[in-house]
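Engineer: According to TrEMBL, the protein has these features:
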type: DOMAIN; residues: 520-570; note: domain 'Cationic amino acid transporter C-terminal'
type: TRANSMEM; residues: 80-102; note: transmembrane segment
type: TRANSMEM; residues: 114-136; note: transmembrane segment
type: TRANSMEM; residues: 157-178; note: transmembrane segment
type: TRANSMEM; residues: 236-255; note: transmembrane segment
type: TRANSMEM; residues: 275-295; note: transmembrane segment
type: TRANSMEM; residues: 307-333; note: transmembrane segment
type: TRANSMEM; residues: 353-376; note: transmembrane segment
type: TRANSMEM; residues: 407-424; note: transmembrane segment
type: TRANSMEM; residues: 430-453; note: transmembrane segment
type: TRANSMEM; residues: 465-484; note: transmembrane segment
type: TRANSMEM; residues: 519-539; note: transmembrane segment
type: TRANSMEM; residues: 551-571; note: transmembrane segment
Amino acid sequence: MVSGTEDGGNDEHGNGIRKRVCMWSKQDLLPEESFQSWGNYVKALGSTKSRLKDRLLARSLDHLELQEMRSRSQHEMKKVLNWWDLIWFSIGAVMGAGIFVLTGEAIRNDAGPAVVISYIISGISALLSVLCYTEFAVELPVAGGSFAYLRVELGDFMAYIAAGNILFEYIVGGAGVARSWTSYFATLCNHKPNDFRITVSSLAEGYNHLDPIAIAISIAVCVGACLSIKGSSRFNSITTILHIIILIFIVAAGLTKANHANFETFMPFGIEGVLKASALLFFAYLGFDGVATLGEEVKNPGRDIPIGLIGSMSIVIVIYCILAATVSLMQPYTQVDADAPFTVAFQAVGMNWAKYIVAFGALKGMTTVLLANIIGQARYFTHIARTHMAPPVLAVINEKTGTPMNGTIIMTVANSIVAFFTSLDVLANLLSISTLFIFSLVAVALIVRRYYVTGETSDADRKKLAVFLALIIGSSICSAAYWALSNNGWVGYIVTVPVWFLATLGLKLTVKEARKPKMWGVPLVPWLPSACIAINVFIMGSIDRQSFVRFSLWTLVLLVYYIFVALHASYDAAKETERQLQATQGTNIEAGIVS
């Protein structure tokens with residue numbers, strides 16, 4: 001690992017950047033003024049209220065994220081990716097084992113053969129979030145992804161809470177994928193998953209099946225991610241293409257056993273079942289947000305990012321619909337297995353060998369998901385560290401490889417520890433609402449970006465924007481709550497849907513759009529981002545209560561760390577940046593550069 005102090009490139013003794021192997025000092029982890037002595041720290045804690053007020057309202061600027069923040073990594077990431085790489089990265093990030101599991105539950109319990117419509121609805125919903133991410137990624141092609149977008153439009157504090165939650169979900173999700181990799185590998189070898197795990201009876205249930213294979217695959221993926229982003233991209237492209245070939249084979253083999261009579265009862269659970277399945281199947285489309293963190297490594301963001309993100313999601317939607325239709329044609333919906341729909345469907349038609357093809361396809365898919373997960377985690381963490389909300393040594397970009405090696409290793413260690421001990425059942429219960437929460441915030445941030453520019457937007461428009469956004473968010477929350485609490489009722493939507501519609505219409509007609517996108521923009525603003533907010537919040541209504549409890553508890557932990565560490569570190573770093581910018585501007589004025 002490489003360590004170094006960031007503060008104009010010098011440490012407190014003026015010795016410049018210090019490099020050591022596998023060794024970090026306090027100055028690497030907490031170089032800010034507030035942590036140089038206990039007296040400084042006590043003084044900083046005494047200023048918590050004023051500092052919190054400063055950072056709570058502070059919004060970053062585009063040029064700060066694109067220049068000053070990136071310079072804190074000491075070296076640049078390599079711009080080697082194009083739209084072709086992004087398409088396969090995004091497909092690889094999204095298409096894991098979810099399609100092989102969620103489809104069965106949706107067909108059997110919610111939608112029947114109409115699961116195809118459910119996949120289209122949830123796919124379009126995911127595409128709305130992709131559009132919002134794409135505009136930001138083109139305008140702000142930085143490693144922080146949604147963290148950087150929210151810092152610019154909603155402020156430091158909201159960005160920190162969002163990023164902390166999604167990193168937690170990345171770790172839990174990555175650990176779950178690593179454990180699942182062992183399970184599918186065991187299937188290929190005609191073994192039970194726990195045959196390849198070490199059972200320690202003295203440990204608590206759910207944590208007593210130790211998984212060394214999960215650690216091995218995580219380390220292997222980490223090594224690849226550290227060595228080269230272009231090499232990782234080539235591996236991902238080849239593996240994802242093989243995965244799609246396997247899926248095509250599954251479809252072709254399955255359709256030879258198709259029975260059109262299975263489509264006669266197309267929508268057995270009605271429109272309510274189709275919508276319920278759509279909320280469940282939305283989770284099969286998650287993962288593209290991590291690809292947005294590759295912005296710094298894209299050669300031509302204005303061209304490559306829209307093609308990569310939007311093109312890949314369109315491909316995924318089509319593939320999911322074809323796979324869902326295939327398994328629905330092979331068996332009556334009442335016989336589709338909720339846990340392993342494809343494997344059981346092939347066994348039912350006498351093609352037992354196909355379970356190995358399904359397992360191999362899932363294994364390929366999970367490998368690319370794990371790769372995209374670790375790459376996305378590392379780049380999120382890198383940009384968070386650039387703001388000093390995490391130790392700045394984790395922001396360092398390796399000079400030779402052009403990758404965030406420190407961040408990649410740390411996040412892999414976190415994934416591996418969780419994956420080694422924690423069972424899939426426990427990990428599944430830990431997944432929370434973080435992703436949907438951030439999707440909603442990014443859509444809110446996009447509306448703010450289009451309709452509010454400091455110093456240009458009038459007070460009247462600013463107030464109207466705040467009111468309309470409150471109504472959009474409030475009506476969306478009420479719709480989600482009504483969906484969760486009512487028993488197939490519809491009366492509540494007579495109130496909530498018109499409020500959402502009128503608030504969006506009012507925003508469109510009465511508030512002047514303050515900013516136009518420079519290269520690529522979401523069409524039909526504010527309608528599409530407003531719909532994105534409503535849909536993501538609505539889907540939250542289908543999530544169990546315990547997930548909200550876990551989300552709240554983890555957010556509380558983040559708040560404690562923020563109050564005692566991150567607030568003061570980021571405050572010092574921000575003030576140092578301000579001083580540097582003022583000094584630079586003054587120098588430029590003296591030199592006649594600025595008139």
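Note: Cβ is positioned from N, Cα and C throughout, glycine not excepted.
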Engineer: Let me check one thing: do the transmembrane segment (307-333) and the transmembrane segment (114-136) come into contact, meaning three or more Cβ pairs under 8 Å with sequence separation of at least 6?
Structural biologist: yes
Engineer: Sequence gap of 6 or more, Cβ distance under 8 Å, 3 or more pairs: do the transmembrane segment (430-453) and the transmembrane segment (407-424) meet that?
Structural biologist: no
Engineer: In terms of Cβ proximity under 8 Å, which residues at least six beyond the ends of the transmembrane segment (236-255) contact it?
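Structural biologist: Residues packing against the transmembrane segment (236-255) from afar: 84-85, 88-89, 91-92, 95, 319, 322-323, 326-327, 329-330, 342, 345-346, 351, 354, 357-358, 360-361, 364-365, 367-368, 371-372.
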Engineer: Honestly, do the transmembrane segment (114-136) and the transmembrane segment (275-295) touch, with at least three Cβ pairs under 8 Å and pairs 6 or more apart in sequence?
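Structural biologist: Per Cβ check, the transmembrane segment (114-136) touches the transmembrane segment (275-295).
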Engineer: Counting each residue once, how many in the domain 'Cationic amino acid transporter C-terminal' (520-570) are helix, strand and coil under DSSP?
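Structural biologist: Per-class counts: 40 helix, 0 strand, 11 coil.
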Engineer: Counting only CB pairs under 8 A, let me know which of 80-102, 353-376, 551-571 has the most with the transmembrane segment (157-178).
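Structural biologist: Looking only at 80-102, 353-376, 551-571, the most contacts with the transmembrane segment (157-178) come from 551-571.
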Engineer: Which value does the mean pLDDT take for the domain 'Cationic amino acid transporter C-terminal' (520-570) in this predicted structure?
Structural biologist: 91
Engineer: Test the contact criterion for the transmembrane segment (80-102) and the transmembrane segment (353-376): 3 or more CB pairs under 8 Å, pairs 6 or more apart in sequence, then answer yes or no.
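Structural biologist: In contact, yes.
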Engineer: May I ask for the residues of the chain that lie six or more residues beyond the transmembrane segment (551-571) and have a Cβ under 8 Å from a Cβ within it?
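Structural biologist: Residues 30, 32, 34-35, 41, 44-45, 48, 51-52, 54-55, 156-157, 160-161, 164-165, 168, 387-390, 432-434, 437 contact the transmembrane segment (551-571) from elsewhere in the chain.
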